[in-house]
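Notes follow once the structure below has been shown.
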Amino acid sequence: MYSSGRYCVFLFLLESILSDPGTTNQVVLLDTTTVLGELDWKTYPVNGWDAITEMDEQNRPIHTFQVYVELRFTLRDCNSIPWVSGTCKETFNLFYLQTDEPLPSGTRFRPADYAKVDTIAADESFTQTDLGDRVLRLNTEVREVGPVTQNGFYLAFQDVGACIALVSVKVFYKRCPSTLRNLAAFPDTVPHMDSSSLVEVRGACVENAEERDTPKLYCGADGDWLVPLGRCVCSIGHEENDGYCLACKPGFFKAYAGNTKCAKCPAHSSSHDQAATICHCDKGFYRALKDPSTMACTRPPSAPRNLVSLINDTALFLQWMPPSDTGGRKDITYNILCQRCDGSDTDSSASQCEPCEPDLRFIPRPLGLTGTSVAILDFAMHANYTFHVEAVNGVSGLAVTARSLANVTVNTHQAGPALVGVVRKEWASQNSIALSWSEVELPPSDIVDYEVKYFEKEQEQLSYSSTRTKSPKVVVAGLRPSTVYVFHVRARTAAGYTAYSPNFEFATAAEDPDIADQGQVLVVVTASVGGFSLLVILTLFLLITGRCQGYIKARMKSQEKRRTRFHSGHVPFSGIKTYVDPDTYEDPTQAVEEFAKEIDPSYICIERVIGAGEFGEVCSGRLHLPGRMDIAVAIKTLKGGYMEQQRRDFLREASIMGQFNNPNIIRLEGVVTKSRPIMIVVEYMENGALDSFLRTRDGQFTVLQLVGMLRGIAVGMTYLSEMGYVHRDLAARNILVDANLVCKVCDFGMSRVLEDDSEAAYTATGGKIPVRWTAPEAISYGKFSSASDVWSYGIVMWEVMSYGERPYWEMSNQDVILSMEEAYRLPAPMGCPVTLHQLMLHCWQKEPSQRPHFNDVLSFLDKLIINPSSLLTLVNEVQSFPDSPEEMPDYPLFISIGDWLDSIKMSQYKNNFLAAGYTTLDSISTMSIDDIRRIGVCLIGHQRRIISSIQSLRLQLHHIQQSGFQAQVQDIVPTIGFSIEKFKSSSLSFTVFDMSGQGRYRNLWEHYYKEGQAIIYVIDSADKLRMVVAKEELDTLINHPDIKHRRIPILFFANKMDVRDALSSVKVSQLLCLENIKDKPWHICATNALTGEGLQEGVDWLQDQIKTMRT
């Protein structure tokens, strides 16, 4: 296209012209290199341009604001053209005109209507020589046209005297092409004209995918996608493959939405269809209701093996081995089914059989046995019994096949010789041990002799020795000093041997007989008295030699000195884990990885929403970890669309909880951070928050039970304090209660670390402070410390004793602050013991240094529990004490009863007071709680509010000035004869705490088990009917977590041997299945508490055991 004229013009209609966008970020509107034929451009003058034009229109709408023009052209150097030096130019101009529709045909071209885009100059030009050499010097220039605000536009090229040739013209605009990101599809998008502005585009999840967080992309001005946010995940039954979600193949499944791969079906299960969400069990295999879908299918176990019976005059014992095929499960239990068959034929199928008599007793029970033995009592003599032992597991109830049973038939008239019962140690030297035992309950003429087998405990029966004796006693010599031996005894009759007795462990004396026992021995003693009621006794042994006393006194002084230095801020706690502030980590994820365990979300089953937290929903559910039983958990989730600071705060709380390990601190099970939503998984507390729990159970607990709850909170806070940690938001609403009434501290959102200095505190930098629970120095100066937590603990005590009443009732926060500054303290709740309110007042001392430490609070509560009589005195007088007589507050004077009731928002009771004759404030000040009830105030909360206000009113009217609780918490001297006894035996001093018959209080004593070093269990051997329950109580005790895995001696007293028909110690041993106690030395004594017979024998044995343990 060569020109000697002026203008060339062509039109673009943006609503109708669009080429195929392809996959690039440029959409071409015109490219003359692809057009065949003439271009049909208009020229001015008419013959000013030579052009060929033809256009292919696609008729598809576009919406753009910025258009680009690419020009490719050649231009001749003016110096190479003769005689045109005055008129030749080496540039041309580009113009454009916007219009909503084409101009009418024949419209005169008016250059003034066009806007100039730019003057185009060539980077290089050609000369005559280039023409001769056929050298093409092509220039390319791109210019922006716009902003375009109308439907179309004209482009015009002005030649002002140049020799040019437009080789090609390309007109295009930019757009972000359609794409797939994170399983979301994003459409073609035109960017904004402003290069600094991004266009937000929301994606749509691909087929078989679902949003986890809203997928978004941002379209940039250059047509590039930027800043991907959010994502989609494949739905259940589908897995990701090259950006798409494909159905799981047969034989695979996927039970949870996410971008994990489909998993192969677990063992003994299959899926035959695509997109399976669960694999169905093969024939003969099952999945229990609580089994996760990822668990292999299992089947019922086979029958138990090697079932044998052993019988004597009083008991029948069945023993067996586990089944050879467990069905793939570990939850194997056993059921015992009994039939009694008449006739001489021992084959039950050929005899007339019927269910056994209902009074036949199984020890421990006939169903749900976890062990492989059972004892049967009270059977009939000369009868045939057939016992079927069935092994069952978690899927036995789902099977339709016949039950697998092991059978044994027993003839009770063929009872063999009785077993040897309890073996006792008479004395021990360095190389010998003297043993004795009760004679077997057979005529002496039937017994040939006794065999005693023994071996060193550490040898685990790799080798053993034996000796024989014709009498029920023997001296075993040739032993090693300071060595524990295990002994078995059995009797031999003409019919053969009896079974061996249970294991008995005894130790030889040490080589140095002068070894002094120093320190303290804590012994937990339990008993069954008056039937089956357990007597929980705590026994503290203190050696009373002068040498020991001096050691104890010196140790106490040393400990007191260390404690003083610590509270001065110089010596940190030794051996106690120190809290690490998560804020010291650059990324909270690092703290979470260090202190918390990552949980696969497939192990979590969310069941229901139970509340809403600061960051999202709180749900209850189940956690199933491989190799562990399902446990109930609470799941806190981080809501979608969270800000970065919310994520950091959420993870911060998890990293704080992960550092704590205490039975009275909420336990963190783990976190989910590698998938969405982010979750914190903690143990589930069935009874919820303490304040609401108490409000719904007003008056249902004893004072001692409430003190037990307070003790649990004190244990948790002592632990936090010793770690150098300040909670800052201790309140009943932040205490959770489990099914066993164990209270646990939670909610660490406001907490901060406490430095090694015991007086260090942190100043609040803003935010809301829970005024009613916060110490004055924290409110006024923003200083939080362990002492401010103690203040809050005092408020929690008040909440507990008032059954969840709101502290300071309806007073405004400002009035609460003013009252605290004026030395007002909360009055004692109704029915509160004096000692507890005194402790509250001590926690509310104005000076933080005068408040007790948490370990002092814990010690004080322990003394109250040990001596419940100290809780009998209730607060009947005014207990709102100022810090000193000089700080007596001035309370407002009320003119009438109506004014007074209005002030406490109890105006609905005005007529009640007036009708009962209470017309003056003086008469009201004498009212008691019974008077309040009598006039018709029935609601407990209203009674408390009114009586508390009467106490304050009485204080004002009578000007009672009593000093605050300034003294240190004093030791409580136990009341001898009520719950505590002391006695001495040899080198040991016993302090016994008796809880006979008070089963509901036993859990308050469990914290003493951890340091206990022996157990004494007393059985009423005259109460045969309750012996089974005594056995169950014994099992509960020795399986307690603080006792189960420790080798501590157990002394059994079979008491009341003076009572007619009392069971012998041998029979008691059999009924309690003492032979099953393999991991603890034990000894049983027949005793008579009235005469003291047998007691000394047991105490001597216990002393030997304790000394052996200590050496």
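Note that Cβ sites are derived from N, Cα and C of the backbone, with glycine treated the same way.
For D729, the entry in TrEMBL reads active site, proton acceptor. Summarising the annotation, TrEMBL assigns ATP binding site to I610, G611, A612, G613, E614, F615, G616, E617, V618, K636. Here TrEMBL flags T975 as Mg(2+) binding site. Taken from TrEMBL, the feature GTP binding site covers G997, N1055, K1056, M1057, D1058. Here TrEMBL flags 300-415, 419-511 as domain 'Fibronectin type-III'. Sequence annotations record features per position, and here TrEMBL assigns domain 'SAM' to 896-956. Among the features that TrEMBL reports, signal peptide is placed at 1-19. The transmembrane segment annotation in TrEMBL covers 521-546.
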Subject >> Alpha-carbon distance [I610 (ATP binding site); D1058 (GTP binding site)] in Å >> reply: 59
Subject >> Composition by DSSP (helix, strand, coil) of residues within the domain 'Fibronectin type-III' (300-415) >> reply: 9 helix, 53 strand, 54 coil
Original post:
Taking the binding-site residues one at a time (I610, A612), which has its Cβ surrounded by the most other Cβ atoms within 10 Å?
Top reply: I610
Original post:
Could you state the CA-to-CA distance between N1055 (GTP binding site) and I610 (ATP binding site) to the nearest Å?
Top reply: 52
Subject >> Cα separation, D729 (active site, proton acceptor) to I610 (ATP binding site) (Å, whole number) >> reply: 22
Subject >> Listed recorded positions (D729, N1055, D1058), ranked by Cβ neighbours within 10 Å, top entry >> reply: N1055
Subject >> Residue among binding-site residues V618, M1057 with least C-beta crowding, 10 angstrom cut-off >> reply: V618
Subject >> Nearest recorded site to A612 (ATP binding site) by CA-CA distance, among recorded positions D729, K1056, M1057 >> reply: D729
Original post:
CA-CA, which of the recorded positions D729, K1056, M1057 lies nearest G616 (ATP binding site)?
Top reply: D729
Subject >> CB contacts for K1056 (GTP binding site) [other CB atoms within 10 A, all chains] >> reply: 20
Original post:
If you draw a 10 Å sphere on the Cβ of G616 (ATP binding site), how many other Cβ atoms land inside?
Top reply: 19
**OP:** Please give the average pLDDT for the domain 'Fibronectin type-III' (300-415) in this predicted model.
**Re:** 81
**OP:** Pop the Cα-Cα gap between D729 (active site, proton acceptor) and K1056 (GTP binding site) into the table, whole Å please.
**Re:** 55
Subject >> Cα distance (Å, whole number) from D729 (active site, proton acceptor) to M1057 (GTP binding site) >> reply: 58
**OP:** Work out how many Å separate D729 (active site, proton acceptor) and V618 (ATP binding site) at their Cα atoms, rounded off.
**Re:** 20
Subject >> DSSP-derived helix, strand and coil totals, residue by residue, for the domain 'Fibronectin type-III' (419-511) >> reply: 6 helix, 46 strand, 41 coil
Original post:
For the domain 'SAM' (896-956), DSSP counts of helix, strand and coil?
Top reply: 43 helix, 0 strand, 18 coil
